[in-house]
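Trainee: Dumping what TrEMBL says about this protein:
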type	residues	note
BINDING	18, 76, 152, 153, 154, 155, 185, 186, 187	substrate binding site
BINDING	43, 45, 76, 185	divalent metal cation binding site
ACT_SITE	45	active site, proton acceptor
ACT_SITE	185	active site, proton donor
Ligand SMILES: O=C(CO)[C@@H](O)[C@H](O)COP(=O)(O)O
Ligand SMILES: [Fe+2]
């Protein structure tokens, strides 16, 4: 199934390769490779060296990449504070913005600001944060991003402890009566993809298991295969 066909199906499992694991010296070629390989979205990890102990790239890089691909820009902000930078990411071409429930005390305000900019809001949640922490903002989001590693780095080991949280969040999301996608981010490979989709996730964010393989189409097929088999 092509990227546009699967992305328009509300029941489809979507694959969002994380550019963090790409070759930063050839980002436009790397983007082209995942677009041709059938990726649904591209996941863009923004790190500030404060909310997480690493730096990646910011709005200027995202803006420069925007004309290079038709893929949906799924931006994961690992920054605190968030609010002063939202306009910048909107202007850069973000179509989704995930901000962390742990990033500040005014999560409602931040999510409302994302929506007001015409961007789909997502709430990201760290492994040590209980599912209930995002109950008060579920009516404001289109997506939940469950961190299945502690954020800050690619290539980490999947935390199985998050599977119960995915189940709980799937129930909470369904109870809203609105379609809310649940993404999983960190250590996702064909095996862990299956565990996550079985628990209720429907977006697979994957860096190493896509960009670490020379054949990106085969890598994305394997992720979808793992998910379907669950
Ligand atoms: O947000 C993050 C890390 O903080 C992720 O999006 C990683 O980029 C996923 O990388 P892999 O675990 O798939 O290598
Ligand atoms: Fe991410």
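Using N, Cα and C of the backbone, Cβ positions are placed for all residues, glycine too.
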Trainee: Once 43, 45, 76, 185 are set aside, which residues in the chain still have Cβ within 8 Å of the Cβ centroid of the divalent metal cation site?
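Mentor: After dropping the recorded site residues, what remains is 16, 18, 20, 44, 74, 75, 98, 145, 205, 207.
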Trainee: Within 10 Å of each Cβ, count the other Cβ atoms and name the one among the binding-site residues 152, 154, 187 with the highest count.
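Mentor: In terms of Cβ crowding, the pick is 187.
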Trainee: Listed binding-site residues: 45, 76, 185, 187. Which have a CB under 6 angstroms from an atom of ligand 2?
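Mentor: Those binding-site residues that pass the cut-off, since their Cβ is under 6 Å from ligand 2, are 45, 76, 185.
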Trainee: Would you count the other C-beta atoms found within 10 angstroms of the C-beta of residue 18 (substrate binding site) for me?
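Mentor: Total other Cβ atoms inside 10 Å, all chains included: 24.
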Trainee: Taking DSSP three-state, what's residue 45 (divalent metal cation binding site) in: helix, strand or coil?
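Mentor: Its secondary structure by DSSP: strand.
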Trainee: Would you mind sorting out which of 18, 152, 187 (the binding-site residues) have a C-alpha within 10 A of the one on residue 45 (divalent metal cation binding site)?
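Mentor: Candidates kept after distance check: 18, 152.
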Trainee: Looking only at 18, 76, 152, 153, 154, 155, 185, 186, 187, which the record lists for substrate, tell me the maximum pairwise CA distance in angstrom.
Mentor: 16
Trainee: Quick one: which residues besides 18, 76, 152, 153, 154, 155, 185, 186, 187 have a Cβ within 8 Å of the substrate site's Cβ centroid, in sequence order?
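Mentor: For the substrate site, the extra neighbours are 20, 45, 149, 151, 156, 205, 207.
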